Amino acid sequence: MKGLSSLINRKKDRNDSHLDEIENGVNATEFNSIEMEEQGKKSDFDLSHLEYGPGSLIPNDNNEEVPDLLDEAMQDAKEADESERGMPLMTALKTYPKAAAWSLLVSTTLIQEGYDTAILGAFYALPVFQKKYGSLNSNTGDYEISVSWQIGLCLCYMAGEIVGLQVTGPSVDYMGNRYTLIMALFFLAAFIFILYFCKSLGMIAVGQALCGMPWGCFQCLTVSYASEICPLALRYYLTTYSNLCWTFGQLFAAGIMKNSQNKYANSELGYKLPFALQWIWPLPLAVGIFLAPESPWWLVKKGRIDQARRSLERILSGKGPEKELLVSMELDKIKTTIEKEQKMSDEGTYWDCVKDGINRRRTRIACLCWIGQCSCGASLIGYSTYFYEKAGVSTDTAFTFSIIQYCLGIAATFVSWWASKYCGRFDLYAFGLAFQAIMFFIIGGLGCSDTHGAKMGSGALLMVVAFFYNLGIAPVVFCLVSEMPSSRLRTKTIILARNAYNVIQVVVTVLIMYQLNSEKWNWGAKSGFFWGGFCLATLAWAVVDLPETAGRTFIEINELFRLGVPARKFKSTKVDPFAAAKAAAAEINVKDPKEDLETSVVDEGRSTPSVVNK
């Protein structure tokens, strides 16, 4: 907090010393934006992340004072940046409790998606559901849902999610985050009626497709809303909370399905009740989101400055003159950043995400990060109850295993929060993949034996897989996909990455259905060999292409990508992006990023606008 206090004190001094000039002078915000905009057009430096400037700077008529004013702005930015980066978790929670609470509320919408997708997979192991909608397997004498219908139902909700993701963008532009989420919750509550009163698998398919659209909305806005209202110190915790919500939803589904198996095994309530319980969520969440503050970034983009100020007053804690200064500085930061983005270019298109080498690299990493959640075999966990039955355990025991599995997933996410203080993003991602690969190979080996002990062992090891998945790749991905894109293309990159995940998930789901269904490949636990191999392939990509972003601010990540730093050198490379900004503003000679990487040095008293390896 020392840097923040220093920044506030200098803000007070500057306001006092320039009182007369404020009355008669020129507002330099526009001047500085124009100066930096012109230089930005000549260089690759991303000015959109100069977010911590104090706002209006008041130069006199002598333009020679502009560099001094810019130096002061850069110093303010650097101190605020360092203050947030070094802020401990508990300090951040005490300083920004309301921002954290609102972010947690919005992210809770993901519980519904985790819940519904989990119960769909569990229904395939529920006898009453199998008998009503399945067909008799002449080989086993049991009823089963055909592979084609299992694939079709999965495709329906994934198609709905893809449509929902694409609709979310223009909807947010028109009505904002809050009302888009409330509208999605309203439609979800309406679409649940189709599932509850279903008479055929066709009705379930329609209901899943329609419910998928609001789920797609939740996937995008939970991450973007958290990143816009919360400070850097809480970034990892609040973005990975999305994974925790997913796991909570899956845990609720497992508990409810076990209850259905025990009490309603031969009644339609066995599958209708789990559908009906989805109505619990939309109303209280809609009320909470209605009471939540709108993103101040969206309000400023729409020119609603007074509303943005009131939103910041609700987000930031504290009271008195200090809070007023914090609100003013934050508002100036948002206004200046948006002004620069609007002057430098348009909002950005999907083509911009892949047009140039830098953004193409960032988009590729974001997409492959999320695809890694599919290619590592984690989708097998979603069909754990079905998997356990095929491994030879009873239906009741299968649901018990699922509950234990999701409890381990929740515990693993909390362990991930603790481990993030000592390990980087890449470390957790790679660690999780390596241990998953080992566990899958062991599961595959056990699948070669037909003994009861081997079948029970394979089911138990799948719970271990769930633990390492939720310790490593599952939570880290939500943080990485918010860190990889540039500010201007963040929402569109997240949408592309999630849709890449959805497309690959379709392929993975088809493979799993064929692997587990007794009428098709009937691999059972032997499928562990297949997914263990894909875990190793995903790990190989991560070693080559996934950079380490832990402890890096967005402006530092921008500079590292601009300079083309190799993925494995992100962690050991020092950057001074504020020196780069000052150099751009002063119109010094702009060098090629590769030349910066080779020739830059950091002296005791000053640093060049690029990098030095430790």
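Positions of Cβ are set from backbone N, Cα and C atoms, glycine also.
If you look up Swiss-Prot, you'll see 1-108 (among others) marked as topological domain 'Cytoplasmic'.
According to Swiss-Prot, the feature region 'Disordered' maps to 1-48 (among others).
The compositional bias 'Basic and acidic residues' feature in Swiss-Prot is assigned to 38-48.
Swiss-Prot lists 109-129 (among others) with the feature transmembrane segment.
According to Swiss-Prot, the feature topological domain 'Extracellular' maps to 130-144 (among others). Listed as Cβ neighbours of the topological domain 'Extracellular' (130-144) (distance under 8 Å, sequence separation of 6 or more from its ends, same chain) are residues 124, 200-201, 204, 268, 517-519.
Summarising the annotation, Swiss-Prot assigns transmembrane segment to 145-165 (among others). Taking Cβ pairs closer than 8 Å, the transmembrane segment (145-165) reaches residues 116-117, 120, 123-124, 129-130, 133-135, 184, 201, 204-206, 208-217, 219-220, 495, 498-499, 502-503, 505-506, 509-510, 513-514, 517, 519-520 in its own chain, all 6 or more past its ends.
Beyond the topological domain 'Cytoplasmic' (166-180), the same-chain residues lying 6 or more positions past its ends with a Cβ under 8 Å from any Cβ of the stretch are 106, 213, 216-217, 220-221, 224-225, 289-290, 292, 294-295, 298-299, 302, 491-492, 495, 499. The topological domain 'Cytoplasmic' annotation in Swiss-Prot covers 166-180 (among others).
Swiss-Prot lists 181-201 (among others) with the feature transmembrane segment, giving sequence analysis as the kind of evidence. Counting same-chain residues at least six beyond the ends of the transmembrane segment (181-201), those with a Cβ under 8 angstroms from any Cβ of the stretch are 106, 109, 112, 133, 145, 149, 152-153, 164, 171, 175, 207-208, 210-211, 213-215, 217-218, 221, 272, 275-276, 278-279, 281-283, 285-286, 289-290.
What Swiss-Prot records for 203-223 (among others) is transmembrane segment. When Cβ-Cβ distances below 8 Å are used as the criterion, the transmembrane segment (203-223) is approached by residues 106-107, 109-110, 112-113, 116, 120, 133, 152-153, 156-169, 171-172, 177, 180-181, 184-185, 187-188, 191-192, 194-195, 197, 239, 242, 245, 478, 481-482, 491, 494-495, 498 of the same chain, each at least six residues removed from its ends.
Per Swiss-Prot, topological domain 'Cytoplasmic' is recorded for 224-236 (among others). Beyond its flanks by at least six residues, the topological domain 'Cytoplasmic' (224-236) meets 84-85, 87-89, 91-93, 95-96, 99-100, 102-103, 106-107, 177, 293, 295-298, 315, 417, 420, 479, 482-483, 490-491, 494, 550, 553 of its own chain at Cβ-Cβ distances under 8 Å.
Sequence annotations record features per position, and here Swiss-Prot assigns transmembrane segment to 237-257 (among others) based on sequence analysis. For the transmembrane segment (237-257), same-chain residues at least 6 beyond its ends with a Cβ under 8 Å from one of its own Cβ atoms are 89, 100, 103-104, 107-119, 122-123, 126, 222-223, 226-227, 230, 273-274, 277, 382, 385, 399, 402-403, 405-407, 409-410, 413, 416-417, 420, 470, 474-479, 482.
Residues of the same chain lying 6 or more positions beyond the ends of the topological domain 'Extracellular' (258-272) and with a Cβ under 8 Å from any Cβ of it are 123, 126-129, 132, 196, 395-396, 399-400, 402-403. Marked as topological domain 'Extracellular' by Swiss-Prot on the basis of sequence analysis: 258-272 (among others).
Annotation source Swiss-Prot lists transmembrane segment at 273-293 (among others).
Residues or ranges marked as topological domain 'Cytoplasmic' in Swiss-Prot (evidence: sequence analysis): 294-364 (among others).
According to Swiss-Prot, the transmembrane segment annotation covers 365-385 (among others).
Residues or ranges marked as topological domain 'Extracellular' in Swiss-Prot (evidence: sequence analysis): 386-398 (among others).
A contact between the transmembrane segment (428-448) and the transmembrane segment (527-547) is present, since 3 or more of their C-beta pairs, 6 or more residues apart, lie under 8 Å. Listed by sequence, the residues of this chain that lie at least six past the ends of the topological domain 'Cytoplasmic' (420-427) yet keep a Cβ under 8 A from its Cβ atoms are 236, 240, 476, 479-480, 483, 542, 546-551, 571. Sorting the topological domain 'Extracellular' (449-460) by DSSP state (H, G, I as helix; E, B as strand; all else coil) yields 9 helix, 0 strand, 3 coil.
Residues 102, 105-106, 108-109, 111-112, 115-116, 119, 178, 181-182, 185-186, 188-189, 192, 195-196, 198, 229, 253, 256-257, 260, 264, 310-312, 314-315 of the same chain, all 6+ positions outside the transmembrane segment (273-293), place their C-beta atoms under 8 angstroms from a C-beta of that stretch. The transmembrane segment (399-419) makes contact with the transmembrane segment (365-385), as judged by at least three Cβ pairs under 8 Å among residues 6 or more apart in sequence. Under 8 Å from some Cβ of the transmembrane segment (494-514) lie the Cβ atoms of residues 147, 150-151, 154-155, 158, 161-162, 165-166, 168-169, 216, 219-220, 223-224, 350, 353, 363, 366-371, 373-375, 379-380, 383, 481-482, 485, 520-521, 527, 530, all in the same chain and six or more residues away from its ends.
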